[in-house]
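A.B. asks: The feature transmembrane segment is assigned by TrEMBL to 35-55, 94-113. For 65-88, 119-144, the entry in TrEMBL reads region 'Disordered'. Here TrEMBL flags 72-88, 128-138 as compositional bias 'Basic and acidic residues'. TrEMBL lists 166-258 with the feature domain 'DUF1980'.
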Amino acid sequence: MNRVAQGIVVVLLGAAALTSTLFTDLYLNYVQPGFRPFLIAAGAALVALGVLIVAGELRAVLRGEEPAPEPHGGHGGDHGHGHGGHAHDRAPRVAWLLLLPVVAVFVVAPPALGAYTAESAGTAAPPREGDSDQRFDGLGEPDASGAVEMELQDFVSRAWTDESRAMEGRTIRLTGFAVPHPDGEDEGWYLARLQMACCAADAIVNRVLITDQPAPPTDSWWEVKGTWQAPEGDLQSVRDHRFSVEEMTEVTNPPDPYE
């Protein structure tokens, strides 16, 4: 890979970062929205650097300059490779692997993590003893249908730790994707959402168990309206809190895949 090719690869890397942030929301499949300005800055810097590399090489060609020979430790001479042998400005072939992120963005465009990750990744765990005394704000005002819209993350947290059980008896609306139960459809299915602190690599799963509706296609997105089935005993003794569905609506244009 010569210097011109190196510069073009750097430009393409920067273009991939800019395309996924400025012109699409593809970056949301991998990182939090707060990283957008940093990705834009990094992409712009890479494009500028790549342009400078290519421009510098083209100027050198126009001036008729030849690349300097690459020293071969202690061998002296150029071993007859013409014009000084292997130029020092060539990168090893492995450098072409830098094109993989470009292919991923422009050709493959991997989707957001979904049901497969929800089945294999770690799920949110009940809080440790002593962490359940946190205070919650009110549930918020219901919409015209009488339902309170909540994030799955908030719902699961309240279900485990809100000893006042403010959600009990309230109609709640949740949005997430369908995940099959590992023990089969007879055991129900999960409505899930992924929560990430930094990027997709650290995502954990928030989910509720639904047993009163047939399992929809895996990875399909749904908005469900219903009620929390409050357990009779200790809130934290329940691994997956149950949600009784009154109404389901398929989401054809899913929102930000992560919470």
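Just so it is clear, glycine is given a Cβ too, placed from its N, Cα and C backbone atoms.
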A.B. asks: What else in the chain is close to the transmembrane segment (35-55), if you only count residues 6 or more beyond its ends and a Cβ gap under 8 Å?
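C.D. replies: Counting only partners 6 or more residues beyond its ends, the transmembrane segment (35-55) has Cβ contacts under 8 Å with 3-4, 6-18, 20-22, 27, 199.
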A.B. asks: Is it possible to list how many residues within the domain 'DUF1980' (166-258) are helical, extended or coil according to DSSP?
C.D. replies: 9 helix, 43 strand, 41 coil
A.B. asks: Mean pLDDT across the domain 'DUF1980' (166-258), rounded to an integer, is what?
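C.D. replies: Mean pLDDT for the domain 'DUF1980' (166-258): 88.
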